[in-house]
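**Student:** Relevant sequence annotations retrieved from TrEMBL are reproduced here:
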TRANSMEM  A:98-120  transmembrane segment
TRANSMEM  A:126-147  transmembrane segment
TRANSMEM  A:154-174  transmembrane segment
TRANSMEM  A:180-200  transmembrane segment
TRANSMEM  A:221-243  transmembrane segment
TRANSMEM  A:255-275  transmembrane segment
TRANSMEM  A:287-312  transmembrane segment
TRANSMEM  A:318-337  transmembrane segment
TRANSMEM  A:349-373  transmembrane segment
TRANSMEM  A:385-406  transmembrane segment
TRANSMEM  A:426-446  transmembrane segment
């Protein structure tokens, strides 16, 4: 009886040790032998099996310290195991997750081409424009739920959100005006990405920390996607040139098959790469965030000065551009926050971040003023309303972030408060994105009196 | 008695090599021996011995082999190499110098006394 519990405990401990990528199976054997020898000694001296196990585990040391030492000695393993999958297939882990990732990547490619069978065209028509984000992100969500063994309730929620997405993308498609449709195309990916986040957080989506992980995941995912795209660009160029050289027109193959299928597959593979290396190497997005924070402060200040001196032309492109700038800045702020060790006290970088937030606030306010003037002159169009909403959403976030950052830099606020503010605010983005997708076509799509040629 | 971390860290390599010079051994036995030899004063975190052994193996000071007795579980044994013996001799020489110097300082109670030459290993 006691013997069985002990074996179960040792098994569990071993699985836990093997979960660390730098501890090879052989190292696991060695450590287990050590653990057993220690337990034998302790039970011989009169301890119960339970007590002996606890003491022996304690004496081996914390797994974090152990992993760190192993990582220092075996840093090569971090890299090799990253891609090559050196562990044998029967002990689960990497090869399994790789197979799952490849499976979903292929599924994504197939799924993306299915509508083409029914006549949907990539170049013409609105089907792909409306549904591309659905086709690309649904397999990603599928991959994340599979690999994480997500519980049924979460799967149901994610499925429902994607079904809602299908509805939002296609319900008003035929009857909407072009600029309203465009807003839907732009906002649906945001709404769906947060649905992917629900899949990622795996049933834990009501609390903050998993969302912070998802924010980190997002940044790493984008970086991997860009790296894969660079490689894919080289491959595409070479393929095109090679086909040309053999006298075959590469256009159909490259543009109808290679690029779209590669892109949706890459979305899944990038997610796999992020998950695989997450625990091992320092994350890249926060590092870039640190590098670019001072540069963006300078850019934003310059932008604000330009706006004050020259005014802004609040047409559609400019609005989207300014929103984009603010979104990137917000991303920088969030990554600065996500990469920070909450235990550290306030430092120079926090003041720099505060500067960034203030500069962004300034630009946001200037854009809002220009927008308000434009609205009072010309009334509410779908684009201006969307821009107004986005700026207000960002403004609220920035204002409160500035307040919290100031409190933190002065040592009055705990850093966790700032984190929790950013993670909870994700829901505001989600709600806003769904509102634009579902309510805007109703409000602006059919109302002829609102029709303006601007 | 608590011994400073740096001191423990610096002495691990010569201790491990020194014990292995007496004959091949495995991690758990090494730890026991260190404990006994130091009268229980030198306590290592058990797990951290293994990365150290792996480092010594990579450097070529020790070599390892898995043995599976007829009854019992398989176990990884470490054995010192020629290079390891050379390293041990070198470390011995350095540590002797340090220890002798300290002893001189403490014995002579900071009085001015000529240093004895370090005893060679």
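Cβ coordinates come from backbone N, Cα and C, glycine included.
Remember, TrEMBL labels are computer predictions, not curated facts.
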**Student:** If you count every Cβ pair below 8 Å, which range out of A:126-147, A:154-174, A:221-243, A:255-275, A:318-337 shares the most with the transmembrane segment (A:426-446)?
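**Tutor:** Looking only at A:126-147, A:154-174, A:221-243, A:255-275, A:318-337, the most contacts with the transmembrane segment (A:426-446) come from A:154-174.
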**Student:** Which listed stretch (A:98-120, A:318-337, A:385-406) has the most C-beta pairs under 8 A with the transmembrane segment (A:349-373)?
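**Tutor:** Between the stretches A:98-120, A:318-337, A:385-406, A:385-406 has the largest tally.
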**Student:** The transmembrane segment (A:154-174) and the transmembrane segment (A:180-200): do they have three or more Cβ pairs under 8 Å, with pairs 6 or more apart in sequence?
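**Tutor:** Contact between the transmembrane segment (A:154-174) and the transmembrane segment (A:180-200): present, because at least 3 Cβ pairs are under 8 Å.
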**Student:** Using a Cβ cut-off under 8 Å, which residues of the same chain at least 6 positions beyond either end of the transmembrane segment (A:255-275) come close to it?
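**Tutor:** Non-local partners: 97-98, 101-102, 104-106, 108-109, 111-113, 116, 122, 135-137, 139-140, 143-144, 147, 217, 220-221, 224-225, 228-229, 232, 236, 239.
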**Student:** Take the transmembrane segment (A:221-243) and find every residue of the same chain, 6 or more past its ends, with a Cβ under 8 Å from one of its Cβ atoms.
**Tutor:** 249-250, 253-254, 258-259, 262-263, 266-267, 269-271, 273-274, 284-285, 288
**Student:** Which bits of the chain, at least 6 residues beyond where the transmembrane segment (A:385-406) starts or stops, bring a Cβ under 8 A of a Cβ in it?
**Tutor:** 183, 187, 319-320, 323, 326-327, 330, 333, 350, 353-354, 357-358, 360-361, 364-365, 367-368, 371, 375, 413, 417-418, 421-422, 425, 428-429, 432, 435-436, 440, 443-444
